[in-house]
Each structure stands twice: as C-alpha cells, then as structure tokens.
Amino acid sequence: MERQKRKADIEKGLQFIQSTLPLKQEEYEAFLLKLVQNLFAEGNDLFREKDYKQALVQYMEGLNVADYAASDQVALPRELLCKLHVNRAACYFTMGLYEKALEDSEKALGLDSESIRALFRKARALNELGRHKEAYECSSRCSLALPHDESVTQLGQELAQKLGLRVRKAYKRPQELETFSLLSNGTAAGVADQGTSNGLGSIDDIETDCYVDPRGSPALLPSTPTMPLFPHVLDLLAPLDSSRTLPSTDSLDDFSDGDVFGPELDTLLDSLSLVQGGLSGSGVPSELPQLIPVFPGGTPLLPPVVGGSIPVSSPLPPASFGLVMDPSKKLAASVLDALDPPGPTLDPLDLLPYSETRLDALDSFGSTRGSLDKPDSFMEETNSQDHRPPSGAQKPAPSPEPCMPNTALLIKNPLAATHEFKQACQLCYPKTGPRAGDYTYREGLEHKCKRDILLGRLRSSEDQTWKRIRPRPTKTSFVGSYYLCKDMINKQDCKYGDNCTFAYHQEEIDVWTEERKGTLNRDLLFDPLGGVKRGSLTIAKLLKEHQGIFTFLCEICFDSKPRIISKGTKDSPSVCSNLAAKHSFYNNKCLVHIVRSTSLKYSKIRQFQEHFQFDVCRHEVRYGCLREDSCHFAHSFIELKVWLLQQYSGMTHEDIVQESKKYWQQMEAHAGKASSSMGAPRTHGPSTFDLQMKFVCGQCWRNGQVVEPDKDLKYCSAKARHCWTKERRVLLVMSKAKRKWVSVRPLPSIRNFPQQYDLCIHAQNGRKCQYVGNCSFAHSPEERDMWTFMKENKILDMQQTYDMWLKKHNPGKPGEGTPISSREGEKQIQMPTDYADIMMGYHCWLCGKNSNSKKQWQQHIQSEKHKEKVFTSDSDASGWAFRFPMGEFRLCDRLQKGKACPDGDKCRCAHGQEELNEWLDRREVLKQKLAKARKDMLLCPRDDDFGKYNFLLQEDGDLAGATPEAPAAAATATTGE
C-alpha cells in the first residue's frame, strides 16, 4: 500500500509541475523535494527488483525535476543529487553503458568529492572502458577508505593483475585492540560507519538513504514515508469528492523519540502548520475542474463492447515526459479557456503541430466557472488553526455538461490541414461510365449510407470533386514512393481497374503514403474506436492484412542496446538462445510480430494496460520514441490493433501465438494443395523460354568476365576459384537485339505478383538505377520477359526455369548444367519455418538486417549505406515541400533586397521564410534521428563523420557565422545531439 501511494504521489506530482497553478514559494520548494525523494525511493525499489530500465527512468526523472527546480531558483540538497547520480551510474553500468556511468560518477564527485560509492562506480566504469591506470588510482582511494570491502578488494586485485603489479598481503591489526576498546577513535569504527551507512553491507550496492537534513534548506521537510506532503496540493490533480477529508497527522508519533531539537524542531513545526492550515490566501480555486478528462465508467454513450474503460488521450504529457524534454519548455495544458493556442514548434519532440481539434476538444469535458481574469475566484479565506478540509472538499464538484465523449484526440489525421474526407457507398457514389474513374457523388441523396467508401479532395485544389480513395495495395513488397497511373495521367482508361497498384490521383498517393508510414488509419478517421465489434478483429485477419507471424522472443535481449534477437532453444526451452547471457526465457519473454519481405521488421507488442492510449505515438512514427516501453501510446498499427483485440476479447499473448500457429497451419495445407497442381504446364502461357541462358560466377561477371562453374559445381573455372553457391551465381540471357549476354535478377517478390512488369525508368534512359533497395522494375526487356514467363507459369525459382530450358534444348544430356536436385525451392507463401534463420543475432531496425557476429555487426554499422539510413527514410520525398537544406540556415540576401537569385535551386540560402522554417524543422528531425540511433547503439561511439549531413548537425551558434564552405569544413566537425 505504501508503494502504491508513493506511485500515485509521483504521478500527481509530475502532472502538477506540468501545470501553471500558483503555490507559495516555501510549499513549492518542499513539494519539489518530496517529489524527488519519492522518485529516488521508487528507483531504489525497482533496482532491487532488477528492473534496471525502469529504475533508470525514475532516477532520470528525479534529476530532471531537480534541473527544473534549479531553473526556477529552487535549490535541492547536494547530498540527494549526488545519490541520484550514483544510483543512475549503477543502472548505466548494469546495462553496459559505461560511458554514461563514468559521466554520472564524475558528476556525483563534483557534488561530493568524498563519496566513496561515486569513486567506486567511476573505477568500475574506467576499468570496463580499458582505462586501467585511472581506474587503479580511483580503486586505491576506495581501498584506503574501505580496506575490508570485498568488492573494492576484488576490483583492486583485478586491476593490479592487468597492470602487472604485485598484489601484497594486507596487514591485520591485533584483535585485542578492539576487544579492550583501544580503537575507539581508530579506523575500525570509521570503516564500519562507511560500510553500513546506508544499511547495506557492500559498497557495490546502491544509495538508499534519502533522508536530508532540513537545516540544509529552510523550506525542506524530513523524509518520512508515512507523512503525506501537502495533500491539498496533490488533491488538485484528482477529482473532487465531498466525502474526502484532509489526512490526519497521526503519523507524527514517529517523531516521539525526542531526537529533534533546536532549528530542526522550528523547521518541523513551521512545516506542520503549513500542512494543517492549508493554503492561506493561495491560488487554490474553489471549484477546480479536472486537469485530466475522464470518462465516467459505464457511460451509455460508448459502445457496449468496450464500455467506458478505454482511456482517452490526455492533454497533459505522460508522467515520464520530462525524461526527454527540457524542463524550461514544458507545455502547460489545462482546461482553463484563457489559454492561448501553442505555437508552431513547442519543443524538438513536438515537431508535429497540434491541430485545432485537439485544443477545442478540451471544452467538452465540462465548463469552468472562473478564469484567470477573475482572481477573486482563486481566493479562499481559511483559518490556519482549524483542522477542516479545503473548500473544494466541502462542495461537490460541478457535474459535467451532457455531451458526446470526446474522442477527437484518438483521431490521427496528419492530412487534416490539406485534405477533406467523407464517407459514401455505392448508392451515393455510383459508377457512371465504363472507364475506371467514371464515378459521381450524389450529394443530398436520402438513403441509408453504408459508409464503406472513402472519398477525399484537396482543400487548395481547383478541382473540388470528391474522388474515391481505394484501399492501399498490400499484396506487394514495393517500398518506394507511389506514382500516378500512366493511363490516368494521359486521360485514358486503366485496363487493370481497381487492381491497379498505381494511384489514380494525388489524394490517393497522400493517403496511401500516410497509411504505410503508420500515421493514418482510415478506420479511425470517422470512428475513433475503429468499429470494434465482437468478431471484427481476429488474429487471422491481422495476419492476412499485415503478413508475418506472432512469436515470443527474449525481452531482455530484445530491449538491449544494440538489439539482440533470441528465443528459447529446442534443447533447453527455458533458456534463451543468447549463449553469452542465457536469460530465463519463461520469465522474460515478450510478444513480437515479425514481417520478412525485402527487409526484416520486428514489432514488439506490449501487454495492454488500462492507462494506454488508443493512438499511435507521433514520435515513434517520425524519428523513434525515446521513451520506448514507458510510452503510453502504441508504437505500431499492429500493436494498436492487438490492444483493441485484447480490450474486447480478453486474449492473452499466449492465445495470440497459438492462433497465429493455427493460421499458418491452415496456410501450409492450402499451399501444399497448390504446389501439387504446379507440376503440369500452364495453358495460358508458354511452357518454355526461348532465349539462350546459362549460370555464371557473379564475382567474375562484375569484373566483365563470363565464367561458368567447373564439373563438380563447387568453384568457378577462373583462376580465382570463387565458391559456386546459389547466392554468388548470376543467370545470363542472350539478348537477340543487342547480341550479348544480359543478367537477369530473381523475382523481386515470390509472394505477390503484380499485374504486369514494367521497365525501370532509369534503365530506359540508359542510366544506372538509383534505387537503394531491390528495384521491382525490370532493368532490361529480357528481364521483363523472363519475369513475365515465370509469373504466368507460376515458377518461383531461377533454377527451375533454367532446368526447364535445359530439358527442352538438351533432352539427351540431363547431366549438363546445374542438376535439378541441387536447387533450393522457394515457396510462394512464407511459412513460420521461413523465419527459423532470423531468430538470433544482432538486429538493425534501421536497415531491417540481422548480423550473426560482432564482427559482422561492426562492419554493418560502419557502412555508408547504414549511415545513410540514419538520416533518410522512404517518406522523405513526400514529407517535405522544399529543397534539401543547402548549407546555410538563413534567408538569401538577394531575395531580401528584392532581386532575383542567379543561383536558383543551387543557392545555399533559403528562398523564403517557409523554406527556412522547414529547413530548421528538418534539422531538428535529423538530430532526433541521430540521438535515437546513438541511444540504440546503431553507430560507433566515436563516429562523428556523416558526410553531407555534418553541416545539419552543427549548433545554432556555429551556423550564424557559417560560410559558403561550411559543408566542406564540417566534414570533420563533431555532431551535436
């Protein structure tokens, strides 16, 4: 109960400091001290439970609140800040972040140079970083202070061996000296005091004593877990109830030991008068509305399936928002109608502007009878001698006005400012002609609309007709930008109709792009609850829409930095497959959704909690959420839908995995039936490919040589003797037009075939393809014909195509070429067995690739393609309206003088305020991406060269005097996070 109360106090306290409610300076200082002490104590409990990640969150929150207090001229005791740094260093060290642990240890020593624990943490961190000489110096000081501590002794011996020093035997003083109390003022007593000052026996433990001498600050209260600190302050954050009274002061009996005298007693009595007397003349409103909108349980306005238990997005940031947010830039959110709307950029984390609907939505949760313009409503005459509850407890809270539940905050619509959307059906939006785009909207038609068609139009477009937005094509592995259909551009009829995977108009491109990024869900545009009905969401439907599988992975490995993929082994399923750690798999497993296409994507599905919000985190979508598991929002659409599924069905994670296995067993059965009928040749396409073909060595082909394998099919016949494997060979086809060999790549997707294969626009123009991934457009007419032949005959493997050609042209020589039995068949539908090889190793979520060893991982994170992924994404082309920043973040001098800029798009300065604002926003996004990549250890710690992106990461002060040669000069500059 005591810990639950402390958690509630922390939650309320964090919400209170994010508001702008007034408070006396003395009470405010004591309130901040109590909040930091609670965070310190909660972090200690989590550390003892070995939940180091959450303990780190509490310590960081406590230090963040301390920084916020310092910015408000409130100084907290240095002893408490020192212990926070020491314990946070312990968390960092346990998690393997030795640089961070060293930094915190040095900060703690800056606050208290005599802190032995801080010195010990520093020594251990230096030891792990390979700085053994410095570590030995720190360890020696610890050994002199605590010569009998096992942890100190062990560390000293380890460092001595590494430095090649001789470990001498320690001197023991005669025991008779202690027996006859001859060491009353000697070192023995001092050692005992230091070793057990916090109630623990080893210096390797964390600091736990958070009691602070009240003489260090005139407005500080002693830390006692049983005495509530300013209940009238914390109660401002809870719904008012007429039955609530001020807690009694029975817990003061704890001070009956008579140890409080002098100034301590005066300070204690002053603080008690504050608690008992309430806020005399303070800013406590007589009728204060709730700061957090809460739906009454069981309201009939919500669907009966979900009831009133779905939490609503709060206008206040979550409890741990200060973890990644500057305290001086906190967003003050309240239901008081005197608030002005926030500016376009509130903080680097709030780069997505708040829409007007988010602020207006607060008005529907009840009206306020007073405002900041009426200071009299905030004054309440109270008698400091009366033990009566505050005025808010005497009067019942005003009942909220009857209104519809405000679910506007659940609607994630990033296109609200530029697009309009409407629902329709076949009756009000019928097809009026034979062509693909012949539809007309009948406005004002009286009928019962099914609302199963999404219509949209651009607000700024001259064409204000409603256009149908088809469902996004998901049966394709294409990951590039969407393009308009060539037939629709030429105002011709598209022969593929609704099956065309190209967009029919710009509105369709915009919606599809946002849907793929995860920032828009058409099901939530008009129904925030997503039309949740019993049976509408099933695991089979989720897997059919999102592909992939659900499985369990080791959560400790998955959350580690860098991310490690491991699951239970067959030999010992109770232990994870990470041989270096061998975590208990049953106690640390987590549900993960895995999709394997051109890359690997792992989406962690957290266990649904009541305080979670049914919305996708905007930070995760844009550059990765730094709060990770402590975030209250979903980090993917698949996680959001699983939460909805759990909300109404009560399914557990084990049930989800079992349903996933059943679904794939059914798919395997269907795939087996389909494969049995693939033996006969198809009647709708040619049975063989007429062009001459052969396999050659891929490495030799890149050097311009056509080299076939040897007779044993183990090596190529060149002098280099390259290994002959499926991955290192290339299929060549003789071009009749060019009369030379042309390489043919494997099918870009073996799961979903497009209607037709088109030539790559770069290859058509005789240029090299600029696409980073596996381009799904053919790079030659021969490649297009080969892919079309394979699609029509349901041939999924290049080897199978070659075997069919070889059988026709060399029927009497079946032994020539690569034998049919050596091919590795591929299945049209990926089964769970296809994921067996991706269940272990390091994982890079930026590139979607796994590495099997540390060496391979280091090579990957140092590659240029990987660094490019840190700063780019598939949505960059459609997410920005202006040029890429050219080097200088200021307006062009020529344009400011009204002259034309001769450099045009090559000008290094911005051509307008809007372009400059976008450049500044883009720089902040890139900084956040870099911070996320560094936090996840996707970059080498000392890697500070990012090529053309270096000038974007300079500080504002450096940019003010930037010269036109800034990008070149910045090639060796250190990036700033």
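Glycine too: its Cβ is placed from the backbone N, Cα and C atoms.
Here Swiss-Prot gives zinc finger for one range in the set 232-260, 261-289, 667-695, 754-782: that range is 754-782. Of the residues SER151, SER367, SER477, Swiss-Prot records the annotation phosphoserine for SER367.
Swiss-Prot assigns the feature zinc finger to residues 842-866, out of the candidate ranges 442-466, 817-841, 842-866. In Swiss-Prot, the annotation phosphoserine falls on SER217, out of SER217, SER399. Highest Cβ contact count with the zinc finger (754-782) among the listed stretches 484-508, 616-638, 842-866, 886-914 falls to 484-508 (criterion: pairs under 8 Å).
Using DSSP to sort the residues of the zinc finger (484-508) gives these counts of helix, strand and coil: 10 helix, 2 strand, 13 coil. Residues of the same chain lying 6 or more positions beyond the ends of the repeat 'TPR 3' (82-115) and with a Cβ under 8 Å from any Cβ of it are 36, 40, 43-44, 47, 52-53, 55-56, 59-60, 62-63, 66, 121-122, 124-126, 128-129, 206-207, 209-210, 560-561, 941.
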